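Copied over from TrEMBL, here are the features:
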type	residues	note
TRANSMEM	12-37	transmembrane segment
TRANSMEM	57-80	transmembrane segment
TRANSMEM	92-109	transmembrane segment
TRANSMEM	115-137	transmembrane segment
TRANSMEM	149-168	transmembrane segment
TRANSMEM	198-216	transmembrane segment
TRANSMEM	246-266	transmembrane segment
TRANSMEM	286-308	transmembrane segment
TRANSMEM	320-343	transmembrane segment
Amino acid sequence: MMRIRRRTSPRTGWTFAVYAAAVLAGLVATAGLIIVSGAPLGPSFHALAMGAVGSRAALVSSLVAATPLMFTGLATVIAYRAGVWTVGQEGQVLAGGMAAYQASLWLGGLPPILAIPGCIVAGIAGGALLGGLASFLKTRFAISEIVSTVMLNYLVTYLLSYLLAAVWSSSGNSVSYQQTPTLPGDLWLPTLGLGGKLHPGFLLAIAATLCLSILLRRTALGYEVRAMGVNPVALRQRGTDTVRTILVVMLISGGLSALAGIGEVFGVSHRLTASSLTGIGFDGIIIGMIGNLSALGTLLAALFFGALHSGALFMNVMTGVPAALITALQGLMLIFFLMAGVASQFELVRERP
């Protein structure tokens, strides 16, 4: 007789197998969506692969798309590992881009070696401030971080719309209410010399992944974060100041999300628009969950979905498959990976009569 029981310790081989099955299920689901769209399956998958990794330009495009997802995914990891269920990454991305752009107006007369770091610091402060505000509302007034961050997302979105329409609008443009003027060239982030718009933010995201992994595994703060996610009551009884821990976690999470917005504004679009930053924060939540709230897993998930995003755009051009397919695939992959995460914790055993 067979029965299911929870594993006492994880097995690497089984865990790899169930997550590989999740990826395979995602690809099968993608094939189904392509067939439903009426596009030819073989050429569509070929275009998807070529647009993702088929050339150096495609690979660079995939890395550019993955970079902001790394930041917002890592922002999700540190918050959710602490049991702080924020959905404010979207607003913090916008806040980072907005604060950095405003700083560029104030610091534009300085040498780039001073102005660019100043803009980055201002952007990080903007995102961290939004995260800190949600932390204050949670710890001081017991307002759920889910509720407060949703409301803050709306607040920042409407503030951006106002600033684009009334303060930062570019003249002589039919869509001036949607975008700012282009940043001065000396404030653009440099590229890494591989072609395209791959900027140092990619390397910073890799470094942030390593730092967050070390922080969670090797530091006292990391222990507090992990313990609070498991049993905050026991942590308080131990004498740990959980209010401080929540504040630090939300500041770090907000700052990481802000880096995504800063990189897109200063390294990719070179201007702030109403649409260029939309969805990065929410995608990061999915990326963090698919990465099993692991820093390394989130990095891999971000690279995977960056490649899918780049490939989907190329597939749309070559075969007419809607680029929105990637959004549906993200949702399906989240479901498959959550199922894989549960399955990896159990095993089938044969009971002797």
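Just so it is clear, glycine is given a Cβ too, placed from its N, Cα and C backbone atoms.
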Ranked first among 12-37, 57-80, 92-109, 246-266, 286-308 for CB pairs under 8 angstroms with the transmembrane segment (198-216): 57-80
Chain residues outside the transmembrane segment (149-168) and at least six past its termini with a C-beta under 8 angstroms from it: 86-88, 90-91, 94-95, 98, 101, 130, 133-134, 177-181, 272-274, 281
Stretch of maximal Cβ-Cβ contact with the transmembrane segment (115-137) [cut-off: under 8 Å; candidates 12-37, 57-80, 92-109, 246-266, 320-343]: 246-266
Ranked first among 57-80, 92-109, 246-266, 286-308, 320-343 for CB pairs under 8 angstroms with the transmembrane segment (12-37): 320-343
Recorded stretch, among 57-80, 92-109, 246-266, 320-343, maximising Cβ pairs under 8 Å relative to the transmembrane segment (286-308): 57-80
Top partner of the transmembrane segment (92-109) among 57-80, 246-266, 320-343 - counted as Cβ pairs under 8 Å: 246-266
